[in-house]
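Below is one structure, written out as structure tokens; comments come after it.
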Amino acid sequence: MSSAKEIKKSILAPVLDNNPIALQVLGVCSALAVTTKLETAFVMTLAVMFVTAFSNLFVSLIRHHIPNSVRIIVQMAIIASLVIVVDQILRAYLYDISKQLSVFVGLIITNCIVMGRAEAFAMKSAPIPSFIDGIGNGLGYGFVLITVGFFRELLGSGKLFGMEVLPLVKDGGWYQPNGLMLLAPSAFFLIGFMIWAIRTFKPEQLEAKE
């Protein structure tokens, strides 16, 4: 059983120290597509966290019984099954959000973060640490998504979770929404600023000069 210190490290390290988007530059496509609203970013975070944690758990449980030649296929089958479960739950209980997320829920199957943790960690580790690692990397992914979604929705529409936060000019307020924040390039800019901020705060993440 992992100690409390190891569990804390596994959960918190992917948020800043080894963030899958900011440091490893993985899972960027969905970060651009689902962050126009904080609500969709939050749901996508939960979906990826669920899939990453349980795919790690199941891969770890059967890792000694998977032939090396088909390990990627087995991992993909497990991940795909979990994604189908998530997709069906969203369709049943959060249909409007499911429509907004569109194909990007299905594309979790090909998300490099999920595949990477299954191959690099779960195949070599015990079930509980693998499950915790999945939660941690899901949180790291979600940290970027939720931060980007927060600024895009707030500055792009003056709302958060669909509720008006900044009084809009059209309603007699003072804020004029910035339409650029609702376009995909704004997510690139925000992720770039986040990477800069994290690497300023964590200079050890800077790449060595050639």
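Every residue, even glycine, has its Cβ placed from backbone N, Cα and C.
According to Swiss-Prot, the protein has these features:
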{"type": "TRANSMEM", "residues": "11-31", "note": "transmembrane segment"}
{"type": "TRANSMEM", "residues": "42-62", "note": "transmembrane segment"}
{"type": "TRANSMEM", "residues": "70-90", "note": "transmembrane segment"}
{"type": "TRANSMEM", "residues": "103-123", "note": "transmembrane segment"}
{"type": "TRANSMEM", "residues": "131-151", "note": "transmembrane segment"}
{"type": "TRANSMEM", "residues": "178-198", "note": "transmembrane segment"}
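Against the transmembrane segment (11-31), stretch 131-151 shows more Cβ pairs under 8 Å than any other of 42-62, 70-90, 103-123, 131-151. With a threshold of 8 Å between CB atoms, the same-chain residues lying at least 6 positions outside the transmembrane segment (42-62) that come near it are 27, 30, 34, 74-75, 78-79, 82-83, 86, 90, 94, 97, 101, 104-105, 108, 111, 113-114, 117-118, 121-123, 125-127, 130-135, 137-139, 141-142, 145-146, 149.
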